[in-house]
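Peer 1: The structure follows.
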Amino acid sequence: MAHRGPSRASKGPGPTARAPSPGAPPPPRSPRSRPLLLLLLLLGACGAAGRSPEPGRLGPHAQLTRVPRSPPAGRAEPGGGEDRQARGTEPGAPGPSPGPAPGPGEDGAPAAGYRRWERAAPLAGVASRAQVSLISTSFVLKGDATHNQAMVHWTGENSSVILILTKYYHADMGKVLESSLWRSSDFGTSYTKLTLQPGVTTVIDNFYICPTNKRKVILVSSSLSDRDQSLFLSADEGATFQKQPIPFFVETLIFHPKEEDKVLAYTKESKLYVSSDLGKKWTLLQERVTKDHVFWSVSGVDADPDLVHVEAQDLGGDFRYVTCAIHNCSEKMLTAPFAGPIDHGSLTVQDDYIFFKATSANQTKYYVSYRRNEFVLMKLPKYALPKDLQIISTDESQVFVAVQEWYQMDTYNLYQSDPRGVRYALVLQDVRSSRQAEESVLIDILEVRGVKGVFLANQKIDGKVMTLITYNKGRDWDYLRPPSMDMNGKPTNCKPPDCHLHLHLRWADNPYVSGTVHTKDTAPGLIMGAGNLGSQLVEYKEEMYITSDCGHTWRQVFEEEHHILYLDHGGVIVAIKDTSIPLKILKFSVDEGLTWSTHNFTSTSVFVDGLLSEPGDETLVMTVFGHISFRSDWELVKVDFRPSFSRQCGEEDYSSWELSNLQGDRCIMGQQRSFRKRKSTSWCIKGRSFTSALTSRVCECRDSDFLCDYGFERSSSSESSTNKCSANFWFNPLSPPDDCALGQTYTSSLGYRKVVSNVCEGGVDMQQSQVQLQCPLTPPRGLQVSIQGEAVAVRPGEDVLFVVRQEQGDVLTTKYQVDLGDGFKAMYVNLTLTGEPIRHRYESPGIYRVSVRAENTAGHDEAVLFVQVNSPLQALYLEVVPVIGLNQEVNLTAVLLPLNPNLTVFYWWIGHSLQPLLSLDNSVTTRFSDTGDVRVTVQAACGNSVLQDSRVLRVLDQFQVMPLQFSKELDAYNPNTPEWREDVGLVVTRLLSKETSVPQELLVTVVKPGLPTLADLYVLLPPPRPTRKRSLSSDKRLAAIQQVLNAQKISFLLRGGVRVLVALRDTGTGAEQLGGGGGYWAVVVLFVIGLFAAGAFILYKFKRKRPGRTVYAQMHNEKEQEMTSPVSHSEDVQGAVQGNHSGVVLSINSREMHSYLVS
């Protein structure tokens, strides 16, 4: 949650006091390949061209960013450091610029007949262009040609001092490499380059101006090596500076809004420091602070002026809202106004309100506190289901919010609150939005400054964007009326309802369109912006329109977008074309845009980067910032309109105009308001003391002064009365509010409430029939029990904090029966009122049922939570036979330590499948229908503990298995761990390969779990040759292996000199041969030693009819839990198996798992 509000008068510290808030305006875009990007961040309510400052943000300086631009051909570099004064010549005199003069009104040269003006004697009651006499003074900042950024501060408030910081910012390195600080004490006529440390190169990163005493300035300086940082402090508008080393690196400074010497420093290490003597001494306040979410106390709301509101991260990683006084901000003195964690970057303190959001169990809730009372949920319509919420404005004891509801993508709905900021009603749907850099959101709505209650908004429906205006804070909206004639006096042929005027408000889809509407507090009713006529807003049309009666009538003034600046309360409007070519003239109007004149402000065309006037727009002096080429120095041109006006305005110089909406109704927001404006025939200065408001008269209340209350919506236009508010289907107006406590009273809503800040009296009162009712005793509803931190799995012996919440119902008379599932039972009162958690500790693993029953005489509710208490998993081993027969059933077994029956979930990935098999058992059975290598992966998850193991299996259609046994001495040394079994299998395989010359890759020895220690030897067949029907090499390999085993040639040593002998296990058969699934099974008979050759031939000839001692087995696909051989001749034949066999079934009941088992 962040502020994304429209422009309005500032109330808090300026941007030099703190970094731009989330609601700060976005950086302006360069119009159409314009190589210089103007970023205006003015320190006072200064009149710089560009976007208006945000609420709570003053504009102390202008930052200009220079990017490469092709220099115009034939331009000479200007001289630097000297003044160049130029007065306009007489009409008709030759202009200073070479080349043919363009036509009237064209930029780049003055229009014919207007190249210079001299002041003539004032004519009584008559204004004439002959009276205009402007003085332009140019100054070049010599030596700063390489600097690509500039920050400008005009102190204002009867001061003639201007400070300019130019710097070379290296984007790749992310820091400033060079800088220069210039100071003017004559309104910008001349500048002096300041030397902060004689003989030492000083790099200034930024400067900050105190909003309450703009004579006080702080410069932030750093070394190129980034090893140290210093501040330079001034209390005389930069005439002198005092160096102050600091032990941290400043990210931004935040001045106190009322006390000039108090300042906060947010560092690059996310630490917060405070100084009470303008930066001379610093004290650490807090660490792990969220940037841009630090706020000073609000005057008139916070009791302690030294209070600081902070969003900070605690040691557990959660973000908290905390407050403390700057003189004592230790951990013991921190106050947490909200007990739980909040979402990162959501804290906003603004005027009477504090906002944040908190997400738990995948549900986000938005909270508000009015005038520092307890936090309550913001009540939006029940099924708004907001995806995002942005604060638009908070002035006049009311909150405007933009809510992106569940179905919206690039639009928001606008809601208006009651004075407490709790209950919200819809005022406008589908306001256009845009997501900018760093995930910031801009809502296309603008508050018109100078006249309260007036807003402009761009609504997007079915892809079409149209501009709307309201005069009563969103109660009613209308389209802008188009002008009947264009700037050339031709008919526009634009008639409602098919055609209206549409304006770019705050941004545009085209990044080269500024999309700015210009309004000022000092010029009420004067609105100027870029847009077009038509059925919808066109992003690339930027015609300039102006109104002087607050949007009632509009006029077109230019065909292209211009930079706009208001001087002398709007008495002079200055415009410079927003273009990528160099300019030398400006346009100005002294009659609210009815007529325009041009002035040649420099003899050499310059690329204009921006305009700036003294804060408050109350003077007639302005500065144009620019440069002749990218490689040239910065050039500042001071334009002084004061010689054109000889006197101050008197009462006879003003006329009045009355505010009205588009229907002609003059009772707006419950009053008739009239304003003063200078007559077009008067040639005088309004001056600093001018006030525009003239008179106001309270009106009688009408139904239009009321809007729909929370839970109600206005009827559609098809119904008889469009002003009727009807209850939504989910809202029962007769039900007491959720926070209605026994003994209190509440007002049943009739569906209407008066528009906040509407001052009408008498007349219609649509709330007069409201009835005060006693809050009844209500049963508890929405009871919830959870573990603090949202975990439901804990470890034995760990402290668990149970939190009980109740959304509705009485809490004072309700009793709470708590059963924690392990024998602990208790009865509580005021459990949900205090919010104190219940601390408990489970000693034994298991699943515990936690229940809370809330009951009073009106009813009851119950909440249940199942808590898993388990030890973390230590080891996981996937036990599986490495060789599998085609289409044979095989067991995959996960050996887990420690065993957690009924608490562990196993995830099995077989082959390339992304979808796992889930089981609560530690083993599964499967089959493989294709030969090749198959990877099997298992994950065991128990609570927050997850382990994984993986194995590669070979799926073959032919292989032999020979059962093995070991001498009994081995059992005493068998720890029954997977690693030990693998090592024994490897040594047996290696010895057999060495003694028989059978390739080691064709032998696999698998030692079975448990005692006695047994093993199976897998003899793999090489790939068959295409021309070979049957090979006897397999028989020879088996005979060789049997021979070395019978000869007791395979043995290995254990510790202590114990030798272990490996032999064939007596199963009644020597070996089994497994064939492919589609052919017949053939097994070679072991030749009996000593038989005659003829006997051997006869036995081989009739081997299909005489079973002998060889087992002829076929592949069986039936499932066998223990996977023993399907063909057995005795009880001992269980060891002679086919592709799936008993060696896969793990048995660990005879020996405990060793502690060094790892996954």
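Keep in mind that glycine also has a Cβ here, set from the backbone N, Cα and C atoms.
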Peer 1: According to Swiss-Prot, the disulfide involving Cys649 connects it to which residue among Cys667, Cys684?
Peer 2: Cys684
Peer 1: In Swiss-Prot, Cys740 is disulphide-linked to which residue out of Cys708, Cys760, Cys775?
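Peer 2: Partner cysteine, according to Swiss-Prot: Cys775.
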Peer 1: Given the candidates Asn600, Asn1140, specify the residue that Swiss-Prot annotates with N-linked glycosylation site.
Peer 2: Asn600
Peer 1: Can you tell which of Cys701, Cys708, Cys725 Swiss-Prot lists as bonded to Cys760 through a disulfide?
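Peer 2: Of the listed candidates, Swiss-Prot names Cys701 as the partner.
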Peer 1: Which residue in the list Cys494, Cys550 does Swiss-Prot annotate as forming a disulfide bond with Cys499?
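Peer 2: Checking Swiss-Prot: disulfide partner of Cys499 resolves to Cys494.
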Peer 1: Restricting the comparison to the disulfide-bonded residues Cys494, Cys499, Cys775, which residue's C-alpha is spatially nearest the C-alpha of Cys760 (disulfide bond)?
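Peer 2: If we rank Cys494, Cys499, Cys775 by Cα distance to Cys760 (disulfide bond), first place goes to Cys775.
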Peer 1: In whole Å, note down how far the CA of Asn362 (N-linked glycosylation site) lies from the CA of Asn830 (N-linked glycosylation site).
Peer 2: 27
Peer 1: In sequence order, what residues of the same chain, 6+ apart, have a Cβ less than 8 Å from the Cβ of Cys684 (disulfide bond)?
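Peer 2: Expected: Phe645, Ser646, Arg647, Gln648, Cys649, Gly650, Asp653, Arg678.
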Peer 1: Roughly how many Å lie between the Cα atoms of Cys775 (disulfide bond) and Cys494 (disulfide bond), rounded to a whole value?
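Peer 2: Counting only the Cα atoms, the answer is 57 Å.
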Peer 1: By CA-CA distance, flag whichever of Cys324, Cys499, Cys667 among the disulfide-bonded residues is nearest to Asn891 (N-linked glycosylation site).
Peer 2: Cys324
Peer 1: Sort Asn891 (N-linked glycosylation site) into helix, strand or coil using the DSSP assignment.
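Peer 2: Assignment for Asn891 (N-linked glycosylation site) reads strand.
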Peer 1: Going by Cα-Cα distance, which of the recorded positions (Asn158, Cys329, Cys667, Cys701, Cys740) sits nearest to Asn362 (N-linked glycosylation site)?
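Peer 2: Nearest by Cα distance to Asn362 (N-linked glycosylation site): Cys740.
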Peer 1: Tell me, by DSSP, whether Asn362 (N-linked glycosylation site) is helix, strand or coil?
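Peer 2: Coil, per DSSP.
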Peer 1: Look at each of the disulfide-bonded residues, Cys324, Cys499, Cys701, Cys760, and point out the one with the fewest other Cβ atoms around it within 10 Å.
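Peer 2: Checked Cys324, Cys499, Cys701, Cys760; of these disulfide-bonded residues, fewest Cβ neighbours within 10 Å: Cys499.
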Peer 1: Measure from the Cβ of Asn891 (N-linked glycosylation site) and count the other Cβ atoms within 10 Å, all protein chains considered.
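Peer 2: If we count other Cβ atoms within 10 Å of Asn891 (N-linked glycosylation site), we arrive at 22.
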Peer 1: Quick check on the glycosylation sites: of Asn362, Asn600, Asn830, whose CB has the lowest count of neighbouring CB atoms inside 10 Å?
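Peer 2: With the glycosylation sites Asn362, Asn600, Asn830, fewest surrounding Cβ atoms within 10 Å: Asn362.
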